[in-house]
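K.L.:
Right, I'll just put the structure down here and ask away after.
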Amino acid sequence: MSVKMKKCSREDLQTLQQLSIETFNDTFKEQNSPENMKAYLESAFNTEQLEKELSNMSSQFFFIYFDHEIAGYVKVNIDDAQSEEMGAESLEIERIYIKNSFQKHGLGKHLLNKAIEIALERNKKNIWLGVWEKNENAIAFYKKMGFVQTGAHSFYMGDEEQTDLIMAKTLI
């Protein structure tokens with residue numbers, strides 16, 4: 001069992017797009033209407049949007065490979081790329097997406113540790129993320145990894161307003 005990571009570049013756009021759609025759809029389709037899923041996937045993961053994100057110097061994506069097969073990725077943001085105003089001392093983990101077939105292999109922990117490594121390299125004092133209040137597995141994982149809920153914000157899945165919990169962890 002080998003685990004490797006690779007920083008994504010613009011050349012990885014198609015792979016990133018396919019992986020994003022697959023993992024998001026597999027995770028959330030049972031709890032959301034097909035119309036809202038379609039609207040969100042088309043908005044969040046269209047080619048233009050992902051090109052913009054990949055080109056942003058304040059965002060980074062890293063693929064994770066398990067036994068040489070792509071299994072998921074993490075996206076982190078600093079400064080003005082953060083989806084909420086959390087200040088210069090914070091790093092946001094915007095996405096940790098792992099294919100269903102690769103879950104329960106410790107890959108989420110690897111991706112989270114990569115985010116922490118980046119935060120520490122950049123002298124960030126905190127890391128934070130938003131997680132859907134109904135995503136109980138993810139919430140339990142983040143709590144186990146030392147995150148605490150610090151607030152909440154609205155997240156729109158198509159035309160449906162949902163609540164994301166803001167969870168944070170102090171690093172320094």
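Placed from the backbone N, Cα and C atoms, the Cβ positions cover glycine too.
When I checked Swiss-Prot for this same protein, it listed these features:
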- Tyr142: active site, proton donor (ACT_SITE)
- Ile96, Tyr97, Ile98, His105, Gly106, Leu107, Gly108, Lys109, Asn135, Glu136, Asn137, Lys144: acetyl-CoA binding site (BINDING)
- 3-172: domain 'N-acetyltransferase' (DOMAIN)
- Tyr142: site 'May have an important role in the acetylation of the polyamine' (SITE)
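Could you place the listed features in the three-dimensional structure?
P.N.:
DSSP assigns Tyr142 (active site, proton donor) to a helical segment in the three-state reduction. For Tyr142 (active site, proton donor), the Cβ neighbour count at a 10 Å cut-off comes to 23, with all displayed protein chains included.
When other Cβ atoms within 10 Å of the Cβ of Asn137 (acetyl-CoA binding site) are tallied across all protein chains shown, the result is 12.
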K.L.:
When you measure from the Cβ of Asn135 (acetyl-CoA binding site), which residues in the chain that are at least 6 apart have a Cβ under 8 Å away?
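P.N.:
Non-local contacts for Asn135 (acetyl-CoA binding site): Thr27.
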K.L.:
Quick check for the class: what is the C-alpha distance, in angstrom and rounded, between Ile98 (acetyl-CoA binding site) and Tyr142 (active site, proton donor)?
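P.N.:
Their Cα atoms are separated by 15 Å.
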K.L.:
Where does Asn137 (acetyl-CoA binding site) sit in the DSSP three-state scheme?
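P.N.:
For Asn137 (acetyl-CoA binding site) - judged by DSSP and reduced to three states - the answer is helix.
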K.L.:
According to DSSP, does Ile96 (acetyl-CoA binding site) sit in a helix, a strand, or coil?
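P.N.:
DSSP assigns Ile96 (acetyl-CoA binding site) to strand.
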K.L.:
Tell me the Cβ contacts of Gly106 (acetyl-CoA binding site) under 8 Å, same chain only and six or more apart in sequence, or just say none.
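P.N.:
Those within reach of Gly106 (acetyl-CoA binding site), by Cβ under 8 Å and sequence separation of 6 or more, are Val3.
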K.L.:
Give the number of CB atoms, excluding that of Gly108 (acetyl-CoA binding site) itself, located within 10 Å of its CB.
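P.N.:
There are 22 of them.
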